[in-house]
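What follows is a set of notes on a single structure, which appears directly below.
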């Protein structure tokens, strides 16, 4: 079909969630509080890792990179969520819509690769302890972190570019941000081929990375079970449990939404699941990595003591 025969709309409408007049202010304030706490929690992790020498290890470097990513990840979608909660149906220019789509998926793919790098870090620390610091030097850490961003922003070009190339006859997006499946439902032409390409690109990238993580943790489990004492086994498991929790949250929701045909899910399902990986997971990550982590608690105490000493001296 000739795409120029279709009327191109320069503005989409974000439908958001349907909330009653009394619930709308509560939903807005609740979402705003979670957003601000997410920003504060992830910023806290970044500042703590930079401020305390006890956390100057590869594991905490990658956690701080993850926190930096989560700040941008949540900030990509929450402003439009707040806009739709406050004002209902909200217009968004097509250029802004496709930019949001690309940035959101770029950050999502980057997180996917970063979680794989973090699993590799734990594998080297537990299974190759004698060579760990030479294998995971500062230069290697920076290279791996940079590679995840380059790979993520490159991989997202395909689904975002294909979606932007579609002709659109409808304007109302059944979501609170511009995402693949809700946008494809508005196309004037059949989008099953596009959905298959999206599923292949995202599925291969996330699937291969997930298999890598499973393989690395399989080796970690084998190595940990061979440790002589229960205390050493418990310590090794504690350094991995937080990361495994984050991986489970991220991949469970991502596979549900992005692997498979969008027509196979009822309309409106995507935006409910999106709250898990786009809002809840970034909010929980600082809690998961700090509350159960003895080293982080000790670092907080050291930094607090340092601040109190500085305040007394002034």
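Every residue, even glycine, has its Cβ placed from backbone N, Cα and C.
Among the features that TrEMBL reports, domain 'G-protein coupled receptors family 1 profile' is placed at 41-289.
What TrEMBL lists as transmembrane segment is 26-49 (among others). Listed by sequence, the residues of this chain that lie at least six past the ends of the transmembrane segment (26-49) yet keep a Cβ under 8 A from its Cβ atoms are 17, 19, 55-56, 60-61, 63-64, 67-68, 70-71, 74-75, 78, 81-82, 85-86, 279, 282-283, 285-287, 289-290, 296, 299-300, 303.
Summarising the annotation, TrEMBL assigns transmembrane segment to 61-82 (among others). Same-chain residues lying 6+ beyond the ends of the transmembrane segment (61-82) with a Cβ under 8 Å from its Cβ atoms: 14, 16, 28, 31-32, 35, 38-39, 41-43, 45-46, 49-50, 90, 92, 100, 103-104, 107-108, 110-111, 114-115, 117-118, 121, 141, 144-145, 148, 176-177, 246, 274, 278-279, 281-283, 285-286, 289.
Under the heading transmembrane segment, TrEMBL lists 102-121 (among others).
Here the transmembrane segment (142-162) has Cβ contacts under 8 Å with residues 61-62, 65, 98, 101-102, 105-114, 117, 120, 180, 194, 197-198, 201-202, 205 of the same chain, all six or more residues outside its ends. Feature annotation from TrEMBL assigns transmembrane segment to 142-162 (among others).
TrEMBL lists 200-224 (among others) with the feature transmembrane segment.
Taken from TrEMBL, the feature transmembrane segment covers 236-260 (among others). Note on the transmembrane segment (236-260): residues 59, 66, 108, 111-112, 115, 118-119, 122, 125-126, 180-181, 198-199, 202-203, 206-207, 210, 213, 217, 220, 223-224, 227, 270, 273-274, 276-277, 280-281, 284-285, 288-289, 292-294 of its chain, located 6 or more positions outside it, place their CB under 8 angstroms from a CB of the stretch.
Among the features that TrEMBL reports, transmembrane segment is placed at 272-291 (among others).
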